[in-house]
Each structure stands twice: as structure tokens, then as C-alpha cells.
Amino acid sequence: MRSSIIKEGYQKAPHRSLLRATGLKDEDFGKPFIGVANSYIDIIPGHFFLQEYGRIIKEEIRAAGGIPFEFNTIGVDDGIAMGHDGMLYSLPSRELIADCIETVMNAHKLDAMICIPNCDKIVPGMLLGALRVNVPTVFVSGGPMKAGRLKDGTKVDLASAFEAVGKRARNQISDEELREIECAACPGGGSCSGMFTANSMNTLCEAMGVALPGNGTIPALTKEREELIRKAARRIVEIALDERYAFRNILNKEAIHNAFVVDMAMGGSTNTVLHMMAIAKEREADFDLRKINEIAKEVSHIAKISPALYTVHMEDINRAGGVNAVMNEINRRGGVLKTEALTVSGESMGERIAGAKILDTQIIHTLENPYSAVGGLKILYGNLAEQGAVLKTAAMDAKMRKFTGKAVCFDSQEEAIAGIVGGKVKEGDVVVIRYEGPKGGPGMQEMLSPTSLIMGMNLGDKVALITDGRFSGATRGACIGHVSPEAAEGGMIGLLQEGDLIRIDVEEGVLEVLLEEAEIQKRRASFSPKTKTVASKWLKRYQLLVSNAASGAILKTEL
């Protein structure tokens, strides 16, 4: 056992003495020590109930013959942090969470781990930490929230609430109507109900085989979710001492490939690209951004979920057969999935999904009737994004797939919000929000407030937006993020001027400004990136060490 180093031999009497103070008995020292990495926090709707899930997991681990040690990570609610400087801390929190996992697990030499994430950066943070620790690990999230309903039965979710702000700004709805949406959008505990970042990442945990079936879709606070929690706890005890299930044996290049296949089939959040590239770097898996476009050509988009389609939420995907049904349908086109990949369940991915059926073809489409013949994400390149930019094609209007418009430039999200509300953005424009990348922000804020304002003002099929920042999973429209290189590192996005013509072509995979090379060089000769004064010591360290979005915004280990 890895934990032998803290519990065996006469030299470890002091260590055992400390462990006895926590309640351990003689017979417990021969059992596997299992870390229970929880992320309980009261302020996040997807996490306030995880303390109870942690209790259930510890109960099951003890009953199955293991010794659980629960610890907690931090968490940030991206929705609550949205639209103010709190969002600067969201992406950096991923790195803190990874560091927490590594620190606790390696300091105490625990044998195995079960991770209980749910929302936004907590899932990828725990995945990164688990890769560093490399012990048998099972992921089991808190589960998705159910969709809300208005009095007339209309389904709503958090994206509805954000877009309602834009409608209220244009007096398209009353204060009373806004309040009804506000009170209905998030009806209870769970990760926000659409295919936003949290549910995208929890779904990809299934696709990578690090979680049991149902992890991404079984609603929170249900009997079915509790049973999944219990099964995961029993499973970690079964594999705790089996080196075949060391985390890097499960989360490898094949698992990353499968994650992107499911991402394409279900139209996941653009944040998944950022997080999966970080995971690939941590795993030392050779996975280039261009590979994503290759996968997209092979994978049909067969499940459209909010924000792409407001009538469908994760509970509907669960009822229609879940992730296994999506994967098995995609697998009908042989050679797309890496079916030999091992899962924490013990079977290969091919064995896991075999026999899974679509139970409602109105929710999960067949290969013969896809929403699109290609996947729901696209990486764009061009003189505006030499290292790439990300677009969620699954949630944009078809008429915007070829678009040329005039640049309206803002040097921060706050400037953009004021400009949009103030009427500066008009039909045919391309909103440019820069100096919001990993270094420029610092922290790479999500642009849900400006994108929601654009949608709420009925400009979603008339205006595009590009940024070196990123988007919420709830974002929809012609919104292109993660533009690399970013403005703060001298990227072309920083050289743009008001009125420049920007061309977007999804089919060709192009994002470019229509300028002569001589003009670009003239601007570059006199260009000096803006710098922001950062008061926070943590954000200063982050700004110093963070890489760009094309590399997953991971922290460098050398200056």
C-alpha cells in the first residue's frame, strides 16, 4: 500500500498516534486509506448539498472495507462571479484546486481517491490534481439541476435569466416578468441544467471512463443520484490497491479523444477545449488543437441541449438514454471512438456502451437524422488567431456561419457591457473584447453578460463577438473566444481598430481581419500591449506564470 509509509514499522508510532486521535483502531491500519476530495460550499447551488453526499460516501467506504479521509477544495460559482471582478478568480481557481488535491493526497500518502465535484472549474481542477497524484480515482459529481418552469409551463434556466436582463434593458419585458424568470430559472440544487460548462465536464468524465455511467445526466438530489454515489464509493474500495486503475492508465490520450468525440456529439461548452487542452498537457499527451477539427469532421451533432435548444436539458438526455446512448449511436460509425479504452468500471468503453439504446429520438437523434453532420465545436485560424480560437457552432444561427462585419473594439468586458447597453453596437458589427485573456485579464473572464445582452437585444443573428477571453457554457450566438495569441502578449486582436473588417468563415475555419500585410506591419511597429495594474498578490502570480489559451491556460513551472 502507498499508505504503508505513514502507518507501518516502529518508526511510524508517532504517525499512528496521530491517526488514532482521529478514531482509527488497530484493525484499520491494514485497510486502504482513501481520500474523499469534496467541494462542498454553501454559496454554489451545485455544491451546497455535497456535505451529505460526502457523508454517504464515507459510510459506504467503511462498509466496503476502506478507511475514508474527507477533505475539501475551494469553489467559485461562475454565475455569481459573472460581470464583475470576481470573475478574475474563476479560471485561476482551477489551479488552486489542482494544487489542493496534489498537496493533501501526496502529503498523507493516501492509497486512492474519490472526487466529488460538480460545477465549472472544480471538475477540471480535480482532474488535473488526480493526474498528478496518479492513484486509483473515481469521479462522481453532485449531478445536474432540473430545468425551471414559468407559470405558463415554459422551460427556463440560468441562460434565460441572463438573457432576460438584455430584454429588460430594451424594455421588452417588465420588472415583474424579469422577476418571474429570476425566481424560476434555478429551481433547486445541482449544476445548472443545460449543457453549460459544469454538465459538459461531468459528461466528459463519463466519456473518459473516470466516472460511472449516469455521472453527467442523473439529476441531483434524487434517489437515482444517491445510488450512483453509493456505487462509486463501493467501486473505489474495490480498485483502491489495483495499479491497473492508476489514474493515468484511465485518463490517457485515448480517453481525451473520446472526450472530444462526445463533446462534438453533444455540443459542449467552449470551456471544455480550454480544460481538455490543460488536461492533455498535464497528462503529457500529444494532442494538438487541430486534432479537434479532425474529430469534428467524423462526429455528427446528435444531441442539442440548452443553450442551443431551450426545450432540452440534462434531465431529458438522461431520460432518453444518457451518455452511453449517445456514445453507442456514434459508435455505429466504426473507428470514431476508442472502444478499447479502460474505464473505472472495469470494462472497456466498448463493453460499457454496448447495448445502450436511444429511448427518445426527439431528444437524442440518430446518425441518419443529426442536427449537423459535423461536430458542435470548431477551431478557427487566421491572421487574427494564429494559434487558434474556439467557436460553439452548435449554438449559433446558420446565417452567421459566413459573416463579415466592422470591428467595434473594447479593451475590457466592463467597457463592452457599457457600450452594448449604450447602443454603440449595431447590426452588422463584430464586437471585439480584448485584454481579457489569461494574462491580460488576468484570469480570462467569461463574457456571458455581454453575449447575453446581445441575444436579449435580438442581435444574436446580426452581430458577432470575438475575444481573447472566454465564454460561459450558457453562451449562444456567433461568439468566438480563446483568441490566441491574446492582446496582452502582442496578438493581432490588440492591433484592431474601429471599423476594421473582420471575416468569419466556419466552413473554411477562418478568422481574419481584412488588412494588407503592410498595414499590419505598420501598426505592429508602433504597438505596445496595454498593461493592467493588478492589486491581488494571487492574480499577480497567476499573470506571471499562466500560458495562453491554446495551451489550456496552464501555469508554467519555469519563468
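Note that Cβ sites are derived from N, Cα and C of the backbone, with glycine treated the same way.
Just one of Asp78, Asp175, Asp397, Asp500 is listed by Swiss-Prot for the same Mg(2+) site as Asp120, Lys121, Glu446, and that one is Asp78.
A straight line from the CA of Glu446 (Mg(2+) binding site) to the CA of Cys119 ([2Fe-2S] cluster binding site) spans 15 Å. In this structure, the binding-site residues under consideration are Asp78, Asp120, Glu446, and the one with the smallest number of other Cβ atoms within 10 Å of its Cβ is Asp78.
Looking only at the binding-site residues Cys119, Cys192, the densest Cβ neighbourhood within 10 Å occurs at Cys192.
Looking at Cys119 ([2Fe-2S] cluster binding site) and Asp78 (Mg(2+) binding site), their Cα atoms lie 9 Å from each other. Close to Ser472 (active site, proton acceptor), meaning Cα to Cα within 10 A, are the following binding-site residues out of Asp120, Lys121, Cys192: Asp120.
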